[in-house]
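Features reported for this protein in Swiss-Prot:
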{"type": "TOPO_DOM", "residues": "1-11", "note": "topological domain 'Cytoplasmic'"}
{"type": "TRANSMEM", "residues": "12-31", "note": "transmembrane segment"}
{"type": "TOPO_DOM", "residues": "32-58", "note": "topological domain 'Periplasmic'"}
{"type": "TRANSMEM", "residues": "59-80", "note": "transmembrane segment"}
{"type": "TOPO_DOM", "residues": "81-96", "note": "topological domain 'Cytoplasmic'"}
{"type": "TRANSMEM", "residues": "97-116", "note": "transmembrane segment"}
{"type": "TOPO_DOM", "residues": "117-122", "note": "topological domain 'Periplasmic'"}
{"type": "TRANSMEM", "residues": "123-130", "note": "transmembrane segment"}
{"type": "TOPO_DOM", "residues": "131-154", "note": "topological domain 'Cytoplasmic'"}
{"type": "TRANSMEM", "residues": "155-176", "note": "transmembrane segment"}
{"type": "TOPO_DOM", "residues": "177-180", "note": "topological domain 'Periplasmic'"}
{"type": "TRANSMEM", "residues": "181-200", "note": "transmembrane segment"}
{"type": "TOPO_DOM", "residues": "201-204", "note": "topological domain 'Cytoplasmic'"}
{"type": "TRANSMEM", "residues": "205-222", "note": "transmembrane segment"}
{"type": "TRANSMEM", "residues": "224-236", "note": "transmembrane segment"}
{"type": "TOPO_DOM", "residues": "237-253", "note": "topological domain 'Cytoplasmic'"}
{"type": "TRANSMEM", "residues": "254-272", "note": "transmembrane segment"}
{"type": "TOPO_DOM", "residues": "273-286", "note": "topological domain 'Periplasmic'"}
{"type": "TRANSMEM", "residues": "287-310", "note": "transmembrane segment"}
{"type": "TOPO_DOM", "residues": "311-339", "note": "topological domain 'Cytoplasmic'"}
{"type": "TRANSMEM", "residues": "340-350", "note": "transmembrane segment"}
{"type": "TOPO_DOM", "residues": "351-357", "note": "topological domain 'Periplasmic'"}
{"type": "TRANSMEM", "residues": "358-380", "note": "transmembrane segment"}
{"type": "TOPO_DOM", "residues": "381-388", "note": "topological domain 'Cytoplasmic'"}
Amino acid sequence: MKHLHRFFSSDASGGIILIIAAILAMMMANSGATSGWYHDFLETPVQLRVGSLEINKNMLLWINDALMAVFFLLVGLEVKRELMQGSLASLRQAAFPVIAAIGGMIVPALLYLAFNYADPITREGWAIPAATDIAFALGVLALLGSRVPLALKIFLMALAIIDDLGAIIIIALFYTNDLSMASLGVAAVAIAVLAVLNLCGVRRTGVYILVGVVLWTAVLKSGVHATLAGVIVGFFIPLKEKHGRSTAKRLEHVLHPWVAYLILPLFAFANAGVSLQGVTLDGLTSILPLGIIAGLLIGKPLGISLFCWLALRLKLAHLPEGTTYQQIMAVGILCGIGFTMSIFIASLAFGSVDPELINWAKLGILVGSISSAVIGYSWLRVRLRPSV
């Protein structure tokens, strides 16, 4: 029991469980004995009905859209705390992850197009390597435990959130045919209610969560990625202490173990099961997977490092306190873990054209993401000295 307690008390434990869940998913998806069970589990229909409102999705989408909204709620709470009281409190510090995220979206997209511009079909996947999977990136960073400076973790979180917001905007503008304006209107009203609650100093967490559920449902029905609702709710929950207690910090403390030991491992298990059946070297070296691999493995760190360097040279931003430029470069490599958001964009880009392209895109995403995870982790392990 002592060893078990020590494991769960470790900062790296959540990342270890997430990696185990991802490996288990890969093994099950590629085993004849378990692949059927694995995919049946993900396709299990789950229906929620309240009056005339009905949400009918399979298990995979409930995990990605509902449970991950809770993860994004936690991320929103942590980033808000750092924006108001921590390492992102000044304008120049806050500008740094914004500039990094812009570079991390532009350069991978351009590199992908360098491989695929001549093909009008695969060209549509230009946004695939522009995305970062914040859950897996943070999971890999967590493997390094307490030696990771808090400012570096917050930088990655802020960068990845901005990256995700950029991906959501790209999806809405380029990959979504039908946006429900009525649902977006309901979402706008819910956001206004959250703002009023915050301004009035309401501190009951349940009230914010209730409005958050309405917001999540509206965003889901609108056609925009529903996890965005979690970030929005997190930003409106009061951080300022009253009678020595902070609503946001208290909720952050409650959510952390649930996210680290249940939601993220379940997310990894549901999304990492990519089938390798039919994979060939010729297919892997075709322009589609090559463009994705290059975009994630080279474009992401190059874009983030280049734009960060320019921001520092032009004195537009400061390095996060206690970090080095080499560590920022390593985080840029971790941002090449595109995974689920990249797979989602690939399904939108090629789903109605040629489903076979989705499989090759997934392979490119898998190779690029795993390579980014291994190289980024190794570089950071060298650059970060264990705390004493």
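Cβ coordinates are placed from backbone N, Cα and C, and glycine is handled just like the others.
By the Cβ criterion (under 8 Å, sequence separation of 6 or more), the transmembrane segment (254-272) is not in contact with the transmembrane segment (358-380), since fewer than 3 such pairs are found. Taking every recorded stretch in 12-31, 59-80, 97-116, 340-350, 358-380 and counting its Cβ pairs under 8 Å to the transmembrane segment (123-130), the highest total belongs to 97-116. For the transmembrane segment (205-222), the list of distant contacts is 53, 55, 65-66, 69, 73, 179-180, 183-184, 186-187, 190-191, 193-194, 197, 228-230, 232-233, 236-237, 247, 250-251: same-chain residues at least six beyond its ends, Cβ to Cβ under 8 Å. By the Cβ criterion (under 8 Å, sequence separation of 6 or more), the transmembrane segment (224-236) is not in contact with the transmembrane segment (12-31), since fewer than 3 such pairs are found. Contact between the transmembrane segment (155-176) and the transmembrane segment (59-80) is present: at least three CB pairs lie under 8 Å, with pairs separated by 6 or more positions in sequence.
Counting Cβ pairs under 8 Å to the transmembrane segment (340-350), the top-ranked stretch among 12-31, 59-80, 97-116, 287-310, 358-380 is 358-380. Through the fold, the topological domain 'Periplasmic' (117-122) approaches residues 287-288, 291, 350, 353-354, 357 of its own chain, all at least 6 residues removed from its boundaries and within a Cβ separation under 8 Å.
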